[in-house]
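Asker: First the structure, then my questions, so here it is.
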Amino acid sequence: MLETRSGYKSGFISIIGRPNVGKSTFLNRVIGQKIAIMSDKPQTTRNKVQGVLTTTDSQMIFIDTPGIHKPKHKLGDFMLKVAKNTLREVDVIMFMVNAEQKLGKGDEFILEMLAGNSTPVFLVINKIDQIHPDELLGIIESYKERYEFAEIIPISALQGNNVESLLDTLPKYLPEGPQYYPADQVTDHPERFIIYELIREKVLHLTREEIPHSIAVVIDKIRRDEENNDKIHVAATIMVERDSQKGIVIGKRGALLKEVGTRARKDIEMLLGSKVYLELWVKVQKDWRNKSTHLRDFGFRDDEY
């Protein structure tokens with residue numbers, strides 16, 4: 001049974017927002033370790049990612065959700081469902097927006113979704129390092145007119161500006177509760193999931209156009225070498241929807257796939273603390289984003305959310 005220390009705060013914080021506002025960058029900065037995929041391409045977070053930050057007097061469990069948008073296929077339906085489900089039974093909702101972008105239809109969509117909600121909502125204005133300070137007041141006013149936020153906090157997740165102030169404020173809205181996770185645990189996701197995300201991140205960085213949204217990764221094997229315990233063999237398959245996409249991911253004479261492997265291997269070695277032999281394959285699974293069976297096979301399961 002978990003013990004609750006008097007005055008100790010703990011709770012769950014959902015991070016929501018339009019695609020590409022910096023939610024994963026924020027989470028990785030706060031946790032101090034890469035656990036959420038980062039890319040300049042929208043819709044890169046597909047599953048909710050839980051990051052755990054433990055201090056002497058609080059434990060904050062962050063849930064990074066897919067960027068909220070109106071879905072165009074079954075995968076989009078899944079991503080929106082994950083985002084909505086994280087709003088249930090959390091203690092605080094962080095609505096993150098991009099200071100460089102005006103309040104748009106995507107933000108209105110989220111504000112409508114929050115209507116009638118009783119959970120405290122923080123408006124977190126990210127990327128303030130990219131605008132002139134004089135612009136900030138106008139941004140704040142445009143959102144204040146549409147929703148009664150518990151707190152409005154401008155930050156730069158990339159540079160770290162004002163992030164500590166946000167982290168100091170959040171526990172004030174959390175209930176007293178137990179320490180759910182050990183102090184040194186930063187995520188509840190298994191290594192297999194993080195390896196999957198690291199490989200997909202490298203593909204996103206190195207490809208273009210429709211390729212990113214058509215990609216899934218299946219981890220086929222993670223096995224420690226029996227003769228050399230410091231070496232781990234990882235085998236994974238990159239799934240695409242069309243033969244033309246397969247050619248792009250492989251690249252001329254296999255150059256792009258090799259670069260994906262090199263970059264992913266370095267991050268996986270840092271994660272596991274061991275030498276890694278990474279074996280990558282590319283396979284076509286036509287129209288997988290619109291087939292529920294393929295979504296489940298590739299790790300997108302409704303019952304886990």
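Just so you know, glycine gets a Cβ as well, placed from its N, Cα and C.
Annotation source Swiss-Prot lists GTP binding site at 17-24, 64-68, 126-129, citing sequence analysis. Residues or ranges marked as domain 'Era-type G' in Swiss-Prot (evidence: sequence analysis): 9-176. Marked as domain 'KH type-2' by Swiss-Prot: 207-286. Feature annotation from Swiss-Prot assigns region 'G1' to 17-24. Among the features that Swiss-Prot reports, region 'G2' is placed at 43-47, with the record citing sequence analysis. Residues or ranges marked as region 'G3' in Swiss-Prot (evidence: sequence analysis): 64-67. According to Swiss-Prot, the feature region 'G4' maps to 126-129.
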Asker: Would you mind splitting the region 'G1' (17-24) into helix, strand and coil residue counts from DSSP?
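Answerer: Helix, strand, coil within the region 'G1' (17-24): 2 helix, 1 strand, 5 coil.
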Asker: Where does Ile128 (GTP binding site) sit in the DSSP three-state scheme?
Answerer: helix
Asker: Taking the Cβ of Ile128 (GTP binding site) as the centre, how many other Cβ atoms fall within a 10 Å radius?
Answerer: 21
Asker: Using DSSP, how many residues of the domain 'KH type-2' (207-286) fall into helix, strand and coil, respectively?
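Answerer: Across the domain 'KH type-2' (207-286), DSSP assigns the residues as follows: 32 helix, 29 strand, 19 coil.
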